[in-house]
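Written below as structure tokens is the structure these notes are about.
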Amino acid sequence: MKPKKRQMEYLTRGLIAVKTEQGVFVSWRFLGTDQETTAFHLYRNGDRITGKPIEDSTNFLDEKGTEDSLYQVAAVYKGREERLSKEAPVWRENVLEIPLNKPEGGVTPDGKPYTYSANDASVGDVDGDGEYEIILKWDPSNSKDNAHHGYTGDVLIDAYKLDGTFLWRINLGRNIRAGAHYTQFMVYDLDGDGKAEIAMKTADGTIDGKGNIIGDEHADFRNEQGRILSGPEYLTVFKGETGEALTTVDYEPPRGKLEDWGDGYGNRMDRFLAGIAYLDGERPSLVMARGYYTRTVLVAYDFRNGRLKKRWTFDSNQPGHEAYAGQGNHSLSVADVDGDGKDEIIYGAMAVDHDGTGLYTTELGHGDAMHVGDLDPSRKGLEVFQVHEDASKPYGLSLRDAGTGEVLWGVHAGTDVGRGMAAHIDPRYKGSLVWGIDPPGNDGMSYGLYTSKGEKISNKAPASANFAIWWDGDLVRELLDHEWNGTFGKPKIEKWDAENRCLKTIFQPEGVLSNNGTKGNPVLQANLFGDWREEVIWRTEDSSALRIYTTTHLTRHRIYTLMHDPVYRLGIAWQNTAYNQPPHTSFYLGTGMKKPPKPALYIAGNKAETPL
């Protein structure tokens, strides 16, 4: 059956040019809407510099380029040259700095001061110009894991254009606690108008980007422990261009009894997850969730014509769903795992079908890391690699069929496996290698390094298990991590030396920090512009700016922009959710890969499919 076309955002060619020692590195997008035979001509200062169209890549080293050059690219199809792109000036180095409107700190009711630092981000095109804007969460220095008592500062959400223009700020207010598990903000074009919205949990006192207040501005539901265990809870969709609240409904499910979620003090009750899923195979829906240690509830919505309409609710308390309790992770993933063209939600050791029914549960329980993609290209469909926390379960690491839940193989750990990674890091083995480690700093000796078939190839695994990134010119994935000194992390990108079984640092910028403690997360990792390789955003040491780093390695591989891959694009949407995880693709991207299938998509908002 031919898959339905999915709504997708309009993107320009994303042309960038970077000065290097060899000349000027130029890179642009090959789009999912391009034809397989589409080629490209490149222009410098209005003059064409390519003798014949470039057919095998979407990057170029212009040895005669200078810092003052201006570049344009034009697609060529069936011998006809299409419109020129916008001019791209040359970056002096491989980084774009975006100045931030850093907020002032404050003082909590118990008299303790706090400051702000730039934290997680997402991207969406909020104004329809084909370029991404950055939606950034500010984290107060007193943000809390749910297990800990204490007041926190307000959570702030900003929007910035790539040129540094500050668009708006949303203040979630005193009745939303700060911490990784509380605010999951979804940035996506939910209604298909060609402009992204932002959806997240709100409360009385939330101030939107236009200064309007949601609910009772004087309400204060914080208890003496700094927790918010009473009062209204809302779900709000905001206009991406202005930050204005468009619609607000009650957050579902409500708290109910604290004990139903796994404890009596509000820790497990306030564990939230969120994602975007194409539940009908064509248009995006919003999925908001609560709970995963015991009771688990997911609620799906469609945002159409300015309103949220509930599509379905999945509740592990419903009869027949008992085996789905306690299976969720600190993150989720979204993919069409059963091949029907419609997305499922992979919720830790379980999956919910597109219609809100339970697809399967492995009953292996909660875990701290999960990866969903074509991890074993010799098998049909997708796989899930997950680490597990419960020492009594048969596996601490497992790899399963994403569509059926069949556990293909696993490793008994007898302990909580804290981190896990799946990435194609060794060209000698087709597919992903997988491993689990106990953070921070363990070398993985206790669990080892495995192929996607479950073959143990080494007792020693990479000591890095936080993020993976496509950075240099080959098809092997690199590892994105940090050097943690106990207080802050210095970011780096490393490559696995398969022969010597060690990691080698290939990129480590100065003046930036990682996020989220030992987890070493970037602000965001995504294919933001240029060819298919990924960009990474880190915050400066004083959070006065964000820095977007891009690769300048030449590659001869031509792959459509990863943002047009359905699994990858939704991975960028959920990346900020709780324990951030790296995005993966729906196809095997690695040594010996086949040509990726052309994505079935259409461009939202009546935009022309010939980009500038």
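Backbone N, Cα and C atoms are what each Cβ position is placed from, and that goes for glycine too.
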Residues flagged as region 'Disordered' in TrEMBL, choosing from 102-122, 480-500, 501-521: 102-122
Arithmetic mean of per-residue pLDDT over the domain 'Rhamnogalacturonan I lyase beta-sheet' (6-91): 98
Structural state census, the domain 'Rhamnogalacturonan I lyase beta-sheet' (6-91) (DSSP three-state): 0 helix, 43 strand, 43 coil
